[in-house]
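Pulled from TrEMBL, these are the features on record:
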- A:E324: active site, proton donor (ACT_SITE)
- A:C65-A:C107: disulfide bond (DISULFID)
- A:C278-A:C329: disulfide bond (DISULFID)
- A:C506-A:C523: disulfide bond (DISULFID)
- A:30-148: domain 'Beta-hexosaminidase eukaryotic type N-terminal' (DOMAIN)
- A:168-487: domain 'Glycoside hydrolase family 20 catalytic' (DOMAIN)
- A:1-29: signal peptide (SIGNAL)
Amino acid sequence: MVRSGRYTRLNVYLLILSVLQLNLHTVEGVWPLPQAFTSSTERYPLNPQAFYFGYGRQSAAQQGCSVLDSAFRRYFSLIFPDYTDGRLHFSQYKPFTVEVSIDHDDCEGYPNEDSSERYNLSVSAGQASLKAETVWGALRGLETFSQLVYQNDFAYYRTLLMLNFPRFQFRGILLDTSRHYLPVQAILKTLDAMAYSKFNVFHWHIVDDPSFPYQSSSFPDLSSKGAFHPMTHIYTQSDVRRVISHARLWGIRVLPEFDSPGHTTSWGKGQPGLLTPCYNGGTPSGTFGPVNPALPSTYQFMARLFKEVSSVFPDSYIHLGGDEVDFSCWKSNPDVRAFMQKMGFGSDFTKLEAFYMENIVNITSALNKTSIVWQDVFDYHERIPKDTVLHIWKGIPAKYQEELSRITKAGMRVLLAAPWYINHISYGQDWRNYYTVQPQNFSGTEEQKKLVIGGEVCMWGEYVDATNLSPRLWPRASAAAERLWSDEKQTSNVDKAFPRLQDFRCKLLRRGIQAEPLYVGHCKHEYQGV
Amino acid sequence: MVTYFFFSSPTVSVCVCFSCHRTQMLWPLPQAFTSSTERYPLNPQAFYFGYGRQSAAQQGCSVLDSAFRRYFSLIFPDYTDVGVDALSNLLPVCVLDNLSVSAGQASLKAETVWGALRGLETFSQLVYQNDFGSYFINKTEIEDFPRFQFRGILLDTSRHYLPVQAILKTLDAMAYSKFNVFHWHIVDDPSFPYQSSSFPDLSSKGAFHPMTHIYTQSDVRRVISHARLWGIRVLPEFDSPGHTTSWGKGQPGLLTPCYNGGTPSGTFGPVNPALPSTYQFMARLFKEVSSVFPDSYIHLGGDEVDFSCWKSNPDVRAFMQKMGFGSDFTKLEAFYMENIVNITSALNKTSIVWQDVFDYHERIPKDTVLHIWKGIPAKYQEELSRITKAGMRVLLAAPWYINHISYGQDWRNYYTVQPQNFSGTEEQKKLVIGGEVCMWGEYVDATNLSPRLWPRASAAAERLWSDEKQTSNVDKAFPRLQDFRCKLLRRGIQAEPLYVGHCKHEYQGV
């Protein structure tokens, strides 16, 4: 038992049979919608002073399990936001216990692509039973349980039977910490909110052209010269560990991206000789292009950098970028052209990019990491390893189906981001567009459909920093979250989803997440963090 | 009136300034200024505000005494020591319009305390910190005044309730951009949060929640008093006869019952203009509002009246016959608005109404201001031309509906508005009293108000304050607005970024 509480003031302790119950107080109020459930109108009072989390006797995980012990503490506060501390003890309250049972003790590990997030939850008088294969599944079940509890003017209640599991294994959010620096606190808070919507991958687009905030232990000049500020606008090794550890406790993987050979302007400041010098006529212009693929030193540098990154980030995936490479600088450089001749590439610079990416993928493969790359790489390169995941970002707004069809036809796994570029804002309820995406509705075989491993909401940083991140992300990203977790047929009606999402947005506010409104209206507890 | 800033440090070190001409980093741009690279160090422990000997205002002037305290903290955000109040008591302090900064002293002269507030804001923006945290100010001469007298921001507290704290914080940020009118669109269809002492049912039945989602008389006083200390007028709007759904809940009989065929449908339309009780209610309500809100202007709404419910109602139709309006319902609306305007005129208030009223009504008093909201995106010029031709004063809001968001740098559109660039005489141009940034509340509450408002509204602020010729280049304005946005962050305002980049002090309020 992790939490035992005492409570005052509330004097509702009878089992109440409720006939007229708002459906938002039942399982319909859970976001994203669970896969299968039965519920009744029967409701039970919960009392924070007699509310306990506990481990089942048969559970492989027991007290001392870091993930669940800390989850119990967090969810106690989330379930009873008003509860500060008990003074009086009323023993007439019937105790309520949430008993958690896990098949595998993975308490000290990290979530990965194969982690089961399946769970069973049943709630009856005086107790709830939560069974999951892994602690990660238990976390999803605790989130669901916390959303089942509601508050009338006197007390807390909640009602059921549920079998739940995600539709897609990869449900990600991309944050871009290069175009604007995001303080660690903003990232941690985003991780909290991600867990509330059952997102499970934080794709950290940590560096890019404008700045290099990652403080590398192998190459400290990269951030000391490439960050917006060498002291205040960087992520130290300790910061990175803190993000990874916080994410782990919420069952969230951290997928780092070190995008190359393009999008690397900031790298050049701390690593002279890495970028291609561009030429104007016969002389260097003083500007630099993508990473120089013609130099052996480039690959030595990359091997060392990715060796470090592989050990810092425990996830078995790594994102290598590979998007939007501008060939003009390569074309202008005589050394690169000479290298092209030597390699027999003729004047086809896509072969040069393919050569570069193949080398980088080989580096990370040797480090036992699976690669994710932006879809551009597929267009240039037939020989990428079959386990590489292609990240679909082109074809906005509606042509991404063609991209999915084309790339899965080649047997490659895909991750869909194109319809969820959530940094693109417009007036009105654009969450409806995110909600009605059908990630597997493209022409192809059933086998092809299975190659869609999931989806990702991308918050690119041109116009986003800590001032507007939360209201832009929430609850708009939650619309995509339901698409990625829930059964598509049960969640095909966007108008039916609307009141549920409004209710969920109020829950986010109650938890201190600065989630913007969906339309005219109010929440019982408005945002107070002004 | 003469006012001084005293820098007691007698030794002035003149340094070479790296980012020279700090005055170019002011927002909004002053009308006239000269600055030099000569800079003076400022030390918070030896920095004083005082009142000039000739100043009509002296210590005890509530507006300036409190402004001195606020601006001390804004100028020295790092300084935490307690000696501030003690020090400011040593030397009396006050006001400006002409600002001149020289060694050891700044002199700020203004006709009114309100001008002094604008000057203090300018002065605070002149102070900067080097990499080691030391404060400096450059030798500067500024003469400044606003281009337009009315520089407003509308907040809509009906579609979403805004906690008082969110309003107060918006007032702070308004002052940083030299806005001077808070247009409080306090009630509308969705909710009636204003707690009326004459008609308490209006909020107890018409607010989203009768206890937690209302503005008490004390809340309203707090807003007005806070605004006053920043030199900001509070213009209340009680919009009628349309946009009044929430009024009906607490005031039965006020709204028009709509009919379906020959029977009431159970729904309600605009305020019922056919009943004497309507005007008795309005007279009492506006009497209260007039005494609660001290500003001499009051906004009466009058926009977007849907005639279909009036048309359906047999009593309204009978009233039309009786009044000889035939079937022209614009005459009925004109009749209604004339009555309301007369009520407020009798209370010595000048009326502002949405431009719809002009279209229906030729007989509105000549001092009524028409609020231009139609003609988005670019046809508002025709509206300005048409209405000023009739000799009416106008307030321009159409190009500054800032709740409409889009991807990218839409502040550029707000910046390049030319409020007087319409066909008309010089006399017509003078009838433009100013402009207003409108933040309608369909998709806005306290969670996203600040980042949507700032710094986008600041682009309009410069258009309304500064000389148009000196501020015609939007690309030149960009780095200055970026710098100003960083100043807003430093002051705790959640102002969103304009593009890729960083501020020395990022927003920390996560």
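Glycine is no exception: its Cβ is also placed from the backbone N, Cα and C atoms.
Features as recorded by TrEMBL, highlighted on the structure.
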residue : record                    : DSSP class
A:C65   : disulfide bond            : coil
A:C107  : disulfide bond            : coil
A:C278  : disulfide bond            : strand
A:E324  : active site, proton donor : coil
A:C329  : disulfide bond            : helix
A:C506  : disulfide bond            : helix
A:C523  : disulfide bond            : coil
- How big is the gap, in Å, between the Cα of A:C523 (disulfide bond) and that of A:E324 (active site, proton donor), rounded to a whole number? 43
- Message: Given a separation of at least six residues and a C-beta threshold under 8 Å, show me what packs close to A:C278 (disulfide bond) in the same chain.
- Response: A:P284, A:S285, A:T287, A:F288, A:G289, A:S328, A:C329, A:S332, A:N333
- Here the Cα-Cα span from A:C506 (disulfide bond) to A:C107 (disulfide bond), rounded to a whole number of angstrom, reaches 32
- Message: Between A:C65 (disulfide bond) and the residue listed as 'active site, proton donor', how many Å separate their Cα atoms?
- Response: 44
- Measuring Cα to Cα, tell me the gap between A:E324 (active site, proton donor) and A:C107 (disulfide bond) in whole angstrom. 40
- Identify, among the disulfide-bonded residues A:C107, A:C506, the residue whose Cβ has the fewest other Cβ atoms within 10 Å in this structure. A:C107
- Message: Using a 10 Å radius around its CB, how many other CB atoms surround A:C65 (disulfide bond)?
- Response: 22
- Number of Cβ atoms other than its own within 10 Å, given for A:E324 (active site, proton donor): 12
- Take every residue in the domain 'Glycoside hydrolase family 20 catalytic' (A:168-487), average their pLDDT values, and give the whole-number result. 96
- Message: Validating a neighbour-count step here. Other CB atoms within 10 A of the CB of A:C329 (disulfide bond): how many?
- Response: 21
- Task: For the domain 'Beta-hexosaminidase eukaryotic type N-terminal' (A:30-148), give the DSSP counts of helix residues, strand residues and coil residues.
- Result: 31 helix, 32 strand, 56 coil
- Would you count the other C-beta atoms found within 10 angstroms of the C-beta of A:C523 (disulfide bond) for me? 23
